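**Student:** Pulled these features from Swiss-Prot for this protein:
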- 89: N-linked glycosylation site (CARBOHYD)
- 96: N-linked glycosylation site (CARBOHYD)
- 471-532: region 'Mediates interaction with SEC14L1' (REGION)
- 502-523: region 'Disordered' (REGION)
- 193: site 'Important for transporter activity' (SITE)
- 398: site 'Important for transporter activity' (SITE)
- 1-33: topological domain 'Cytoplasmic' (TOPO_DOM)
- 55-125: topological domain 'Lumenal, vesicle' (TOPO_DOM)
- 147-152: topological domain 'Cytoplasmic' (TOPO_DOM)
- 174-182: topological domain 'Lumenal, vesicle' (TOPO_DOM)
- 204-213: topological domain 'Cytoplasmic' (TOPO_DOM)
- 235-242: topological domain 'Lumenal, vesicle' (TOPO_DOM)
- 264-289: topological domain 'Cytoplasmic' (TOPO_DOM)
- 311-325: topological domain 'Lumenal, vesicle' (TOPO_DOM)
- 347-356: topological domain 'Cytoplasmic' (TOPO_DOM)
- 378-388: topological domain 'Lumenal, vesicle' (TOPO_DOM)
- 410-422: topological domain 'Cytoplasmic' (TOPO_DOM)
- 444-447: topological domain 'Lumenal, vesicle' (TOPO_DOM)
- 469-532: topological domain 'Cytoplasmic' (TOPO_DOM)
- 34-54: transmembrane segment (TRANSMEM)
- 126-146: transmembrane segment (TRANSMEM)
- 153-173: transmembrane segment (TRANSMEM)
- 183-203: transmembrane segment (TRANSMEM)
- 214-234: transmembrane segment (TRANSMEM)
- 243-263: transmembrane segment (TRANSMEM)
- 290-310: transmembrane segment (TRANSMEM)
- 326-346: transmembrane segment (TRANSMEM)
- 357-377: transmembrane segment (TRANSMEM)
- 389-409: transmembrane segment (TRANSMEM)
- 423-443: transmembrane segment (TRANSMEM)
- 448-468: transmembrane segment (TRANSMEM)
C-alpha cells in the first residue's frame, strides 16, 4: 500500500503536468510563439544540412576515388576550395579548378575540405547546385499546394522529406546516392521553407510583429549557415561521417513531432482552419509589378554572395597569399553585421513602416559598393570589412522586403501567403543554382575583378528601381469579395434570414449528428438569402 501511494501521486502529477502543458499549447499567444520556434528550427535544420556537407563531401569523394576507379595521388595533398559559409541565406559551394596541390594537410584537418581533381570539381559543383535547382523547379507547384492545404501540413511534409534526406546522406556510399540525397533536400526545402515563412506571415498579421518574427527567422538562417561546417567537421573527424547527419535527423524528427503536438494538422479544428480563401494563382502574383520588383531585388542581392563564395578562396591565395586559416575565417566575422542589419531593420520598420523600400534600396547600395571594393582589397582586414558590408546589406534587403511581400498580398490580393513566398524562394534559388556552376567559368574567362564589379554595378543600378515601391505603404488592406457581400444589406426581392445556431456536443449535453461535408462551409456564413 505504501508503495502504491507514491505511484498514484506520480501518476496524478504527470496527469496535471500533461493538462498544464496541453492548456499552454492551446493558449493563442504561446501557441504562436511555439509555431515561430518550430519554423525557426526547421529553417536552421535546412541551412545546417545545406552547409554541413562542406567539410565532408570533398574528402568523402576523394576517399571514394581512392578506393574506386579514379586516379590516386601520393602523398594525399590538397588545397581548400570550399570557403566557410557566409552568415546570410543558405548558399551554395563549389570547388575551384585553378589551384594546384601544394602542402600536405596536418592531422585533424577535417574542418578544411581537401582539393579534388578537375572531374571531381565538376561533380561537387553539380552536387551543391542540385538542391537549389530542384527547389527552383518545385516551388511553382509547392506554392499553390500550400495555399490549398494551409501551412502546417506542407511544413510537416517538408520536415519529413528533410529527415529522409538526412538519413540518406548518413548512409550514402556513392556519388549517385549523395546526389539523390541533396536533390531530395531541395524538395523538402521547397515545402518547409516556403510554408514556414508563410506561416509566420499568417500568424503575425500586424506589421511590427511580422517584421520582428521574420527577422528572428532570418537570424536562425544565418546561425545555421555559420555553425554547420564546424559542427560537421568536428563530428566527422572524431565520430565518423554518419554522426552529424544522424544528429540533424533526430532534431528534424523532434521538430516534426513538436509540430504535430502544437498545430495538430490532422485534427478537425485544423481541417476547419485549412478552409482558407482561394489564393491568387502564382502566375498572377508573378505578373504583379510590385511583387516582380521585390523578387528581382531578392535575386540581385543574393547573386554576389552566391558567386563570390566558390571563387574568393582561390583569389585570396593568388592575390594576398592568404593562409588556409585566413581563407576559412574570411566569412566568419560577417555573422555579426548580418544580425545587426536584421535588428536595425526591424527597429526602423517598427517606427517607420512606410519606408521599407528605402531600407531595401540602401541595402542594395551597400551590397553594390562592397562588391566593387572586394577586388581592390590586398590584405585580409579590408577584405573582411567588405564582406561584412556585403552581409549587412543582404540583411537590410531581406528583412525589409520579405514582410513587404506579405503586405502586398494583403492589400492587392487574397491574404494567403504560400505562392508569394514560393516566388521569394524561387528568387533565392536562381542565384544559388547558378553560383556553383557558372561562377568559376566566369572568373576563368573574364576575371575575378570583372565578376565582382559586374555584380556590384547590377546592385547599384537596381537600387533606384525600388522607388517604384515608395507608395506601397500608403495602400490600404483590401477586403475579399466574400466579406463585401456578407456585409452588404439585402436588397430587392431578398430578405436576410438568420440561421438557427445548432448546439455543439458537450456544451449543452444534447447530442448532435456527425458533421457533414459542407458543415465547415456553412459555419463560415451567418446569413443566407432566400426569395421572399
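Using N, Cα and C of the backbone, Cβ positions are placed for all residues, glycine too.
Give me the structural setting of these features: burial, nearby parts and distances.
**Tutor:** Residue 193 (site 'Important for transporter activity') carries a helical DSSP state (H, G or I).
In the three-state DSSP scheme, residue 398 (site 'Important for transporter activity') falls into the helix class.
Per-residue confidence over the topological domain 'Lumenal, vesicle' (174-182) averages out at a pLDDT of 90.
Residue counts of the topological domain 'Cytoplasmic' (204-213) by helix, strand and coil are 7 helix, 0 strand, 3 coil (DSSP-based).
Helix, strand and coil residue tallies for the topological domain 'Cytoplasmic' (347-356), in that order: 9 helix, 0 strand, 1 coil [DSSP].
According to DSSP, the topological domain 'Lumenal, vesicle' (378-388) comprises 9 helix, 0 strand, 2 coil.
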**Student:** For the transmembrane segment (448-468) and the transmembrane segment (34-54), does the number of C-beta pairs under 8 Å, pairs 6 or more apart in sequence, reach 3 or more?
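**Tutor:** No, the transmembrane segment (448-468) and the transmembrane segment (34-54) are not in contact.
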**Student:** How many whole Å apart are the CA atoms of residue 398 (site 'Important for transporter activity') and residue 193 (site 'Important for transporter activity')?
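**Tutor:** With the alpha carbons as reference points, the distance is 14 Å.
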**Student:** Can we call the transmembrane segment (34-54) and the transmembrane segment (243-263) in contact, meaning three or more C-beta pairs below 8 angstroms at a sequence separation of 6+?
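**Tutor:** Per Cβ check, the transmembrane segment (34-54) touches the transmembrane segment (243-263).
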**Student:** Once the chains shown are all counted, how many other Cβ atoms turn up within 10 Å of the Cβ of residue 398 (site 'Important for transporter activity')?
**Tutor:** 30
**Student:** Do the transmembrane segment (214-234) and the transmembrane segment (389-409) share at least 3 Cβ pairs closer than 8 Å, excluding pairs fewer than 6 residues apart in sequence?
**Tutor:** yes
**Student:** As a test of the contact definition, list every same-chain residue at least 6 positions from residue 193 (site 'Important for transporter activity') whose Cβ is closer than 8 Å to its Cβ.
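**Tutor:** Spatial neighbours, sequence-distant, of residue 193 (site 'Important for transporter activity'): 42, 43, 46, 158, 425.
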**Student:** With Cβ distances under 8 Å as the criterion, find the stretch in 126-146, 183-203, 290-310, 326-346, 357-377 that has the most pairs with the transmembrane segment (423-443).
**Tutor:** 290-310
